[in-house]
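Annotated in Swiss-Prot:
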type     : residues       : note
ACT_SITE : 47             : active site
ACT_SITE : 89             : active site
BINDING  : 27, 29, 31, 48 : Ca(2+) binding site
DISULFID : 26-115         : disulfide bond
DISULFID : 28-44          : disulfide bond
DISULFID : 43-95          : disulfide bond
DISULFID : 49-122         : disulfide bond
DISULFID : 50-88          : disulfide bond
DISULFID : 57-81          : disulfide bond
DISULFID : 75-86          : disulfide bond
């Protein structure tokens, strides 16, 4: 679920996903189009693609089971569909953490009018 994703980002990256990535670049937040603007925005692009491949459950609403210790996440889900959601969220949280140094404030609340280039395929 998106609520779990927020918590996971806090545990892995040490920052709020909603605050830092809720409306960032062309892909972080609702929707997504154009080209990712930087590495952090690409994390969101890849996460959107990952969610798009999930079949049989709802990535935004369905809950999964995971554990976290010292920033390491283990998806402990028996259901293959919700485990896939957990793995998508885990990869994005790690991506945010690993690319914090490329985060640029100019892409925070980036106007969608600048996201008009043709999107690349997932």
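Cβ atoms here come from the backbone N, Cα and C positions, even for glycine.
Bear in mind that the values here come from a model prediction, so they are computed numbers and not experimental data.
In the three-state DSSP assignment, the secondary structure recorded for residue 29 (Ca(2+) binding site) is coil.
Cβ proximity to the Ca(2+) site centre (mean Cβ of 27, 29, 31, 48, cutoff 8 Å) flags the following additional same-chain residues: 26, 28, 30, 32, 33, 44, 45. Checked against residue 31 (Ca(2+) binding site) by C-alpha proximity, the disulfide-bonded residues 49, 50, 75 yield 49 as the nearest. Considering only the disulfide-bonded residues 26, 75, 86, 115, no residue lies within 10 A of residue 122 (disulfide bond) on a C-alpha to C-alpha basis. Long-range neighbours of residue 47 (active site) (same chain, six or more residues apart, CB within less than 8 Å of its CB): 27, 88, 89, 91, 92, 95.
Counting in whole angstrom, residue 86 (disulfide bond) lies 10 from residue 50 (disulfide bond) by their C-alpha atoms.
DSSP assigns residue 75 (disulfide bond) to a strand segment in the three-state reduction.
Around the Cβ of residue 49 (disulfide bond), 15 further Cβ atoms fall within 10 Å across all displayed protein chains. The Cβ of residue 44 (disulfide bond) lies under 8 Å from the Cβ of 21, 24, 25, 27, 28, 29, 32, 36, 92, each on the same chain and at least six residues away in sequence.
Its Cβ placed at the centre, residue 48 (Ca(2+) binding site) has 18 other Cβ atoms within 10 Å. The Cβ of residue 26 (disulfide bond) lies under 8 Å from the Cβ of 32, 33, 34, 35, 36, 37, 41, 45, 110, 112, 114, 115, each of these being in the same chain and 6 or more residues away along the sequence.
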